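Per TrEMBL, the features are as follows:
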SIGNAL    1-17  signal peptide
REGION    302-323  region 'Disordered'
Ligand SMILES: *[C@@H]1O[C@H](CO)[C@@H](O)[C@H](O)[C@H]1NC(C)=O
């Protein structure tokens, strides 16, 4: 009796659905993962790392975030950006990858890692697991994400090369150590060079045996922020020539949701759907701050097997819960 009541209730909640945004402020650089009955959401809040969790997207909108990390160590106290939660199979632990640096400047941003103490994300106490030192270029680095290919793991992140902020890849030797980095994308196309020359916020997506890196292009302040993509078309991900950039962006502003970007991908509870979580701004030009809100929508697939992210849907849309 109780069981069927719960079933009916969850069915009702699914039909009811939700409306974007799912986080109305401090929704920048979002990342989500679904694990053991809960969605987990993290975003950039600058001074700390916060997690929010709930069993439904509608529930996530109402849930209180929990601060899981602050740090007074001067080299990584501040500008905490773009946390991502990743399970590392070899270590059998959850890790949070994030960017941070020192007070009063953005020039010292580096990649850092926290380790969870429990297999349940929410129950974890988080401890500092290390800074990711890139052997061949220990310089400004942000937006680390994990790409997994045939059970080999790679770190993909963003770092400057001259006046271009580029994407780089390195093979991981452990959850916190990597080999030398190789540059796989430079902002060369006009739509990657609006306000500033930027490729950042990489996110891997896999489908039908193919792998893409979706990334954010152009300056986050201004009118040009959007998503582009690379596809792994060669065999060695550590070779720049293995990556092919698509000539056109894959996701641009629409319906009052401007400068959409810095996305992540997460699987629905059944594992049968992939959803895009990203931030957008109501203002033009947009600003690189906490006014950006978090949105989600389902990823579809084109007849040729490529991802179709659509365009940012109106905030007035009632969307069904992921299934
Ligand atoms: C987290 O830390 C508290 C306080 O030390 C401890 O009681 C608890 O068992 C820890 N939880 C996990 C899952 O490690």
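Including glycine, each Cβ sits where the backbone N, Cα and C put it.
TrEMBL does not curate its annotations; it predicts them automatically.
Beyond the ends of the region 'Disordered' (302-323), by six or more residues, the same chain brings 13-15, 17-21, 34, 56-58, 205, 207-208, 210, 212, 214, 227, 229, 250-257, 260, 268-270, 272-276, 278, 280, 295-296 to within a C-beta distance below 8 angstroms of the stretch. For the region 'Disordered' (302-323), DSSP puts the residue distribution at 0 helix, 3 strand, 19 coil.
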